[in-house]
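As annotated by Swiss-Prot, compositional bias 'Polar residues' applies to 1-12, 104-113, 175-186. The compositional bias 'Basic and acidic residues' feature in Swiss-Prot is assigned to 13-22, 126-137. Residues annotated as phosphoserine in Swiss-Prot, with similarity to another entry given as evidence: SER10. If you look up Swiss-Prot, you'll see TYR74, TYR88, TYR89 marked as phosphotyrosine, on the strength of similarity to another entry. Annotated phosphothreonine per Swiss-Prot: THR157, THR170, THR187, THR198, in sequence order, evidence recorded as similarity to another entry. Per Swiss-Prot, the feature region 'Disordered' maps to 1-30, 87-198. Annotation source Swiss-Prot lists region 'Interaction with CDK2' at 51-91. The motif 'Nuclear localization signal' feature in Swiss-Prot is assigned to 153-169.
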Amino acid sequence: MSNVRVSNGSPTSERRDAKQAEYPKPSACRNLFGPVNHEELTRDLEKHCIDMEEASQNKWNFDFQNHKPLEGKYEWQEVEKGSLPEFYYRPPRPPKGACKVPAQESQDVSGTRQAGPLLGSQANSEDTHLVDQKTDAPDSQTGLAEQCTGIRKRPATDDSSPQNKRANRTEENVSDGSPNAGSVEQTPKKPGLRRRQT
C-alpha cells in the first residue's frame, strides 16, 4: 500500500478525523425554512381548494358541492344510467395491495377456496355495490386480517417433499404404459435447425 498515490485534493486521514471530532455531522432531515406553521398551512390549503372549486364552477357552470347545474354556456341534461358506458357507474377497483374479501367465501386449511366471487354479469348487477358489503355484519370485519393472510393464489400441496424442476423417469416407467406409472408430463423440445452441408 506504500505505492498508492493520494491526490492533493483529498484530505489525509488525520485531517478527516480532526474535522469529524470538531463539527458533528447534522442529521440528514433538516428544516430549511424554519418551523412549520400548521394553522397558516391549513388556511392556505382551504383557500386554494375554494379557489379551485370556484374556477371549475365558472368553467363548467355546475355546482359540484350541491350537484346542481347552473346557468351558463353549457346545458346540462340528466341521463339514465343504462344509456351510459358501464365504466361510469361501476365501483372503483381496490388498490393492488388491498386484500380481496369476496362475500360468503370460506377457506379450508390447505388454502383452497370453497366459493368464488361472482363473475361477468352477476357481479355488475345494480344491487351489488361496495357500500352494501360494508354494511353487513360488523363481526365480518374482525376476520378481515385473518382472511387477508390466508388467501392463496395456489392451493397448498399435501406433499412435503420439494418439487424438482425436471422429473426423472426411467425407461421401465415409460414403456409400462400404465397411466399412473408415467403420469409425469414432459415438454416437447423444439426441433433444431440443421444446416445442409454442401
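If you go along the chain as it appears here, the first residue is 1 and each next one adds 1.
Placed from the backbone N, Cα and C atoms, the Cβ positions cover glycine too.
Over all protein chains present, the Cβ of TYR74 (phosphotyrosine) has 11 other Cβ atoms lying within 10 Å.
In terms of DSSP secondary structure, the region 'Interaction with CDK2' (51-91) contains 16 helix, 4 strand, 21 coil. Remark: of the modified residues TYR88, TYR89, the most isolated position is TYR88 (fewest other Cβ atoms within 10 Å of its Cβ). Cα to Cα, TYR88 (phosphotyrosine) and TYR74 (phosphotyrosine) are separated by 20 Å. Under DSSP, THR187 (phosphothreonine) is assigned to coil, being neither helix nor strand in the three-state scheme. If you average pLDDT over the region 'Interaction with CDK2' (51-91) in this model, you get 90. Counting Cβ atoms from all protein chains shown, THR187 (phosphothreonine) has 6 others lying within 10 Å of its own Cβ.
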